[in-house]
Each structure stands twice: as structure tokens, then as C-alpha cells.
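One structure is given below, encoded as C-alpha cells.
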Amino acid sequence: MSYAKDGEPAEYAEQANGRHVKDHPNDNMSVGRYLATRISTLKPPMDKLENPFTLLGMLNFKQWMFFLVAFLGWTWDAFDFFTVSLTVHQLAETFDKSTKDITWGITLVLMLRSIRNLLNHVGAIAFGIAADRYGRKWPFILNLFLFIVLELGTGFCQTYTQFLGVRAIYGIAMGGLYGNAAATALEDCPERARGLISGMLQQGYAFGYLLATAFARGLVDTTPHGWRPLYWFGAAVPVLIIGFRLCLGETDSYMERKRLRAAGDSAGKTFVAEGKVALKRHWMLLIYMVLLMAGFNFMSHGSQDLYPTMLENQYQFSSDAVTVTQVVANLGAMTGGTVVGYLSQMLGRRFSIIYISVVGGALLYPYSFTGSEKVAAAAFFEQFCVQGAWGVIPIHLMELSPGGYRTFVVGTSYQLGNLISSASSTIEATIGERFPLPSITKDGETVERYAYGKVICIFMACVFVYVIILTILGPEYKGRKMDAASDQDLQEARGIRGAAHDHDHSGSDEEKNEKV
């Protein structure tokens with residue numbers, strides 16, 4: 001990129017003469033016109049679907065390093081989260097808590113999540129703003145440092161109260177990582193490779209679950225320390241990820257934005273002005289993103305959290321059978337997220353989400369009503385669809401977000417959506433108790449059984465409908481440029497006039513449809 005005087009990109013001089021790059025093609029559209037275009041803009045752009053290896057080859061060494069460190073950070077976020085659900089029985093025994101009301105960890109996990117989610121969005125806000133203002137690197141490192149301290153602290157807890165307190169504080173670190181990871185991995189990513197890289201990044205969540213499952217089998221109850229080695233191990237790996245991140249600098253997109261902010265009167269004042277402009281122009285979009293993420297979190301938690309309970313309680317699966325089914329499901333999730341994220345580059349973000357949600361809805365019956373171990377096939381394809389839709393989300397949120405506050409908006413919308421959906425398993429478990437099945441005797445005790453499969457099926461059908469409707473109503477900015485020179489909000493914040501006028505934005509699918 002060439003720069004004019006005072007460090008200002010040459011593109012700004014062109015914009016001052018009337019040539020502009022339109023940032024949000026719906027800005028000047030009436031509500032009626034916008035709603036009238038919701039179906040027509042779903043038409044897939046059918047961009048050339050390139051060989052995935054060709055797309056991966058577009059990333060240079062630096063971009064690959066940013067992706068890998070972001071993927072590892074997001075993976076370990078998920079690992080730390082799942083350590084609780086995988087050790088619930090041992091925790092209950094250590095802290096002298098009854099397991100009568102804890103069915104495969106759901107009640108304890110929900111209790112912890114209810115406390116954590118109140119702090120998750122605090123972490124998302126604090127770390128998101130810090131990352132947008134001061135860079136991606138040090139907030140990311142601080143997140144991981146908190147992982148180390150709190151996972152290590154968890155392993156040394158002696159009372160249940162201490163355990164709950166430490167895990168609640170952990171929510172601050174957990175809440176701050178997602179937006180930073182998405183920005184680190186995607187904002188410098190070549191446009192044509194965004195869909196594929198987005199799908200790969202999101203599957204760090206499923207990969208973290210698989211790692212947690214494997215290491216739980218290898219570390220829990222294999223030493224005199226019981227469940228604690230799993231948490232100590234969880235505290236060790238972030239040290240390596242921090243070392244990796246220390247070797248990297250900042251993304252090119254952030255450095256460009258930093259130069260432009262510094263070219264004005266004050267970088268801090270420009271940053272605050274960007275926030276005011278973003279809030280004024282995009283407040284409805286920010287609300288939409290929270291509502292969308294609530295639906296997506298309902299989708300993942302509604303299909304996953306109570307599922308092991310259904311397999312064990314309703315269909316009497318053994319512990320090994322439950323584990324195998326869950327592993328197969330997460331392999332499906334990793335495959336689906338990558339494949340659908342890749343296809344979204346050809347089909348568009350909204351169309352991909354809607355299409356795979358329809359397929360996921362069609363698979364709900366075998367997913368929740370198959371009582372044999374053959375359900376593993378249904379679990380694979382159902383999670384292929386659920387996480388397939390999720391695979392589009394990192395890049396979809398990045399493209400929707402105001403440029404100067406990407407980390408903050410992506411992380412906060414994700415965590416606020418998570419907060420809204422945190423009661424999903426409670427809802428399913430409570431409704432499930434209204435559908436009792438004949439009890440059985442196991443190890444000399446009477447075990448009450450419930451038709452959880454019916455509840456999961458109905459609940460998830462409603463969630464899929466909600467996500468489909470919300471996606472139809474929402475915008476899409478596929479192909480949006482993420483460099484600072486194309487950021488309309490930054491131009492307005494710096495006092496460059498004409499920023500709100502229409503520009504040519506050839507990368508936007510909705511703009512293409514509007515021109516037609």
C-alpha cells in the first residue's frame with residue numbers, strides 16, 4: 001500500500017476526490033427495501049470453488065503462524081472448559097457432594113457456567129477493547145497466563161467453595177479469547193481462503209474436546225492424585241502457546257490501523273471516536289449479532305450437553321459406548337465445520353448456514369431416537385451439520401463487525417449469546433422429567449429414566465427454525481475488505497468527509513444483488 005503525506009494511505013486521497021469503497025451496502029436502504037431483499041440476496045454467488053490446497057497455499061508463513069497460534073489458543077480454551085464435565089464424578093466425591101442430582105455432570109457444569117457466563121462477557125469486553133486499542137498480542141498472552149494460574153489453582157482446590165470460585169474467575173479469561181483468536185487468524189487472511197480458514201479455526205472447539213477426552217482417560221484416577229493431574233496438565237500447555245505467541249508480532253491489518261490512528265491528533269481520541277461512530281451507525285447490527293449467537297449457542301449446547309445423559313440414562317449405554325459416540329460426533333463436527341466453511345466461499349455465508357441447518361433438522365429423528373450403538377453414524381452427521389453452520393461464524397462475524405472494534409464485537413456477541421443460551425440444558429432436563437420411562441435397578445439402586453431424546457429433538461427443531469429465520473433476516477458482507485483504508489467508520493472518525501456516501505464494493509454479495 002502506498003502512503004501520502006502524514007502517513008495517510010493514498011486511497012484516502014482518491015476517496016477525497018469522490019472515489020469511495022462502500023463499507024456497508026445496507027446503510028442507506030429503507031427498512032421496507034431491506035426486508036424485500038432478504039430472499040433475493042440469498043442467491044448463492046457461485047464464486048469459483050478453488051482447490052482447498054491451492055487456498056491453503058495462499059497463506060504466507062506469517063499468516064500461517066497467526067492461524068496456528070489462534071487455533072491452539074481456542075483449542076485450549078475448549079480443553080479447559082471440558083475438564084469439568086469430564087471429571088464431575090471425581091469432583092463430587094472429593095468435595096463430598098451427592099451425585100444424586102448430577103447426571104453426567106450437567107447440573108455442576110450448568111452451575112459453573114451460570115456463574116462463569118456472568119463474567120464471560122466482562123472478559124470479552126475488557127480483553128476485546130484492549131486488543132482493538134493496543135494490539136492482539138499482549139491481551140492474548142494475558143488470557144493464556146490466566147488460564148495457567150486458574151487451571152493450576154483448580155488442581156489445588158481443597159473445598160467445593162474454592163473450586164466454584166476459581167472456575168468462576170476462569171470465565172473472565174475464557175470470555176476474552178474468542179474474539180482475539182478470530183481477529184488474529186482471519187484479518188490478514190487472503191479473501192478467497194477466508195471460508196476455509198474460518199471453518200478450520202472454529203473446529204479448535206471440537207479438537208479441544210477430543211484432547212480433553214483423551215487426556216482425561218489417561219490422567220484421571222491413574223495416580224494417587226485422582227482428577228487433579230488433568231488440571232495441572234491443562235495449566236502446562238499454555239506456557240508453550242505463550243512462547244509461540246511471543247515470537248510473533250501484530251497482524252498487518254492492526255499495524256495499518258495503528259499508523260492511521262497515530263497520524264491524527266491522538267490515537268486514543270481516534271479510537272474513541274471510532275467507537276462512537278460504530279455505535280451510532282451499527283447498533284442494530286450489534287443487537288442482531290448477539291441474537292444470532294444466542295441461536296448458535298442454543299444449537300451447540302442443545303445438541304451436545306444433555307446428549308451423553310440421554311445415551312446413558314434413556315438408552316443404557318456403557319461409559320465406553322458413550323465416549324466412543326461422543327468422539328465420533330466430534331470428528332463429524334470437525335469435518336463439517338471445515339467443509340461448510342470452505343463451501344461458504346462459493347455459496348455465501350447466509351445460504352450455507354440455512355442449508356446446513358435444514359439438513360441438520362432432517363437428521364434430528366435418528367440422532368435422538370436411535371437406541372443402539374448405530375446412533376454413532378447419526379451423531380457424526382448431526383454434529384457435521386451443527387458445527388458446519390458454526391464453521392461459517394468466525395468469518396461471518398468478522399465481516400459484519402465494525403473494523404476498529406472487531407475483537408470486541410466478535411468476542412462480546414459470542415459471549416452474550418452464550419449467556420442467553422446457558423439455560424439450554426436446564427430447559428431440556430426440566431422438560432425431560434415430564435416424560436418418565438420405566439425405571440431400572442442398577443447396582444442395587446433404582447435409576448429413574450426419562451425420554452430425553454424426545455425433548456432434544458423438539459428443542460433442537462425450534463432452535464434450527466430460529467437460526468434459519470434470523471439468518472434470512474440478517475445481512476451479509478462476504479468479501480468485505482478488512483484493511484483500514486477501506487474502513488468507512490475510521491474515515492468518519494478521522495473527519496474525512498464523504499465517508500458515508502455509496503462506494504463501489506465489488507466484494508459484497510448484497511451490493512452485487514442491489515446493482516442487479
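Placement of Cβ uses the backbone N, Cα and C atoms for every residue, glycine included.
Per TrEMBL, the features are:
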REGION    1-23  region 'Disordered'
TRANSMEM  64-82  transmembrane segment
DOMAIN    66-478  domain 'Major facilitator superfamily (MFS) profile'
TRANSMEM  102-119  transmembrane segment
TRANSMEM  140-161  transmembrane segment
TRANSMEM  167-186  transmembrane segment
TRANSMEM  198-218  transmembrane segment
TRANSMEM  230-248  transmembrane segment
TRANSMEM  283-301  transmembrane segment
TRANSMEM  321-344  transmembrane segment
TRANSMEM  351-368  transmembrane segment
TRANSMEM  451-473  transmembrane segment
REGION    488-516  region 'Disordered'
COMPBIAS  491-516  compositional bias 'Basic and acidic residues'
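Contact check: the transmembrane segment (140-161) against the transmembrane segment (451-473) gives fewer than three Cβ pairs closer than 8 Å, residues 6 or more apart, which falls short of the contact criterion. For the transmembrane segment (283-301), the residues of the chain that approach it from at least six positions outside its boundaries are 386-387, 389-390, 393, 397, 400-401, 409, 412-414, 416-418, 420-422, 424-425, 460, 463-464, 466-467, 470-471, 473-475, judged by C-beta separation under 8 angstroms.
Mean pLDDT across the domain 'Major facilitator superfamily (MFS) profile' (66-478) comes to 84 in this model. Distant neighbours of the transmembrane segment (230-248): 62, 65-66, 68-69, 72-73, 76, 79-80, 83, 86-87, 137, 140-141, 144-145, 147-149, 151-152, 154-155, 212, 215-216, 219-220; these residues of the same chain sit at least 6 beyond its ends, with a Cβ under 8 Å from one of its Cβ atoms.
The stretch in 64-82, 198-218, 351-368, 451-473 that contributes the largest number of Cβ pairs under 8 Å to the transmembrane segment (321-344) is 198-218.
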